[in-house]
Amino acid sequence: KSSKREWKPLEDHSCTDVPWLLLFILFCIGMGFICGFSIATGAAARLLSGYDSYGNICGQKNVKVEGIVNSGLDLTHKKYVFFLDPCNIDLVHQRIKSLALCVSACPRKELKTLADIQKFAETNGSALCSYELQPSEYTTDPRATKLCPKYPVPESAPIPFFHRCAPVNISCYAKFAEALITFVSDSSVLHRLISGVMTSKEIIMGLCLLSLVLSMILMVIIRYISRVLVWILTILVILGSLGGTGVLWWLYAKQRISASAAETQIAKDNLQALLIYAISATVLMVILFLIMLVMRKRVALTIALFHVAGKVFIHLPLLVFQPFWTFFVLILFWTYWITVLLFLGTTGSPVPNEEGFVEFRMVGPLKYMWWYHVVGLVWISEFILACQQMTVAGAVVTYYFTREKRNLPFMPILASVNRLVCYHLGTVAKGSFIITLVKIPRMILMYIHTQLKGKENACARCMLKACICCLWCLEKCLTYLNQNAYTATAINSTNFCTSAKDAFVILVENALRVAAINTVGDFMLFLGKALIVCSTGLAGIMLLNYQQDYTIWVLPLIIVCLFAFLVAHCFLSIYEMVVDVLFLCFAIDTKYNDGSPGREFYMDKVLMEFVENSRKSMKEAGRGGGAEGRELKPM
């Protein structure tokens, strides 16, 4: 019945899935309650001002904690938290295993002996040893070895807004990262990697900006030369992959000759990294060529869709900026979420630990609030992404089903946002909640897999990975179905379940076309991403080549390529959404309209030409009795 129901694009607008909107609002109120509770219990003051190991908040008068010495002190003039051993980090309990004190100032230079610590206290009025020791006793009292900082005391500076003294030297952070990255057996390698990043930070920032500019340029090119874009991308990727692979092998041969003269560890590391890069680039180049050889027959279909999508971007230029708004909103929410998470880490009642110091812990049901907070992270993040999908779908639907493009709204994107806010927030909330129901179990299984790594048997490990893989595939399928459901909601203003069912029927009826379009379209967009990553990586290789004597390339180049891929993915994913929405509109158009009076097509002339040409070619293939002729039967 659903497949025979009449589609009436943009004729009716009504509120959809209102109960789910109310549920989402109640959930957001619960998230606000967690934030308010953590602030009301003093967590905000402890987070921002910092507190010592005795439960005293720095920079204010404190209340005595029963059974804890040195608690309840007046620390109005001591506004900074100082750790006696800041590099002693307990990764299991996620804290610094060191006595924390409130001090008047952070040591701005290295202090090598107890005499230097005593001189610093007398000169600056900032005592770096425990409260029970006077500065005059630092060099005479035997307790100073335990109650004073581990020396040499590194140069430190206060962290802005958080009043913690943090070491300026990156060696401390290198040790922390060394503990996190367990696969690095040689700690000196990790230290050199981090120093390479710090040395090349200007180049990294410049290359990240270059990837952003290249993504914007590619979006402009897609708008104006969509007909030849496929061939241009194909040729550029071939030349780029050949050129990049050739440059890598050339640099490897050049450095191999010069490496014999300079037997430094950095030169050996760079030579090994170049060999790995060159082999990887060669393998990827061969795989790309094979895929392009298989896909060459379906280029015509991609050209037609890309051409119409290019017209959409010409009429709806604000679509290009959708990733910016979505990313900006996500950053704001993630900043809020991390802030509240830090609040939760310092909220609760003061409790003495086994070492005699104070920890703040929540007791009773309140200690499970962070689970609610984690669910909120996933659901609200998916809600924001779904709002972007609904906005893009609404704008493209308006474009497609408006016969006279001169009659388009002044700002179709803003009109789509207005319809989303007024009518369809409940549908977006329901769709994002379904994704959350799949994503959270997968995250839990991934966490269990990480914790049990090396401890479980082979059968359990295989089953766990299989479950994670199945949930990942289910999540991807639901995400694709959700996007088409949002398109159906934008067309007919129906609730989520009805829209998902209608869209699913249309997709099943056009399953072969869906497979062809997704395969070829996604591959061409992948080529665009590969072009941006290859261009940015090649620029990075040429720039970092001038620092080969004192910089390891591995980490800077990986950071740049990952950022380039993420930027390209954000921009080209909008193009992918437009193509998917256009296809669903096209399938609905050809199913319910036949071009007769009163049932005229809405589609663009390019798509009409494509339909006619494809029918001719399919009929010719059908005369031969081939399997392909039967599979590619016209809609």
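A Cβ is built for glycine as well, from the same backbone N, Cα and C atoms used for every other residue.
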According to TrEMBL, which listed range is transmembrane segment: 327-348, 459-480?
327-348
May I ask for the residues of the chain that lie six or more residues beyond the transmembrane segment (327-348) and have a Cβ under 8 Å from a Cβ within it?
31, 34-35, 37-39, 41-44, 46-47, 51, 360-363, 366-367, 369-370, 373, 376-377, 380-381, 384-385, 570
Let me check one thing: do the transmembrane segment (228-252) and the transmembrane segment (523-544) come into contact, meaning three or more Cβ pairs under 8 Å with sequence separation of at least 6?
yes
Taking the transmembrane segment (368-401) as the first stretch and the transmembrane segment (523-544) as the second, find out whether 3 or more Cβ pairs fall under 8 Å, excluding pairs closer than 6 in sequence.
no
For the transmembrane segment (523-544), which stretch among 20-45, 203-222, 273-293, 299-320 has the most Cβ pairs under 8 A?
203-222
Residues sitting near the transmembrane segment (273-293): Cβ under 8 Å, six or more positions beyond its termini, same chain?
234, 237-238, 241-242, 244-245, 248-249, 251-252, 255, 523, 530, 552-554, 557
For the transmembrane segment (203-222), what are the same-chain contacts with Cβ under 8 Å, counting residues 6+ beyond its ends?
197, 229, 232, 306, 309-310, 313, 320, 528, 531-533, 535-536, 539-540, 543-544, 547, 556, 559-560, 563-564, 567-568, 570-572, 575
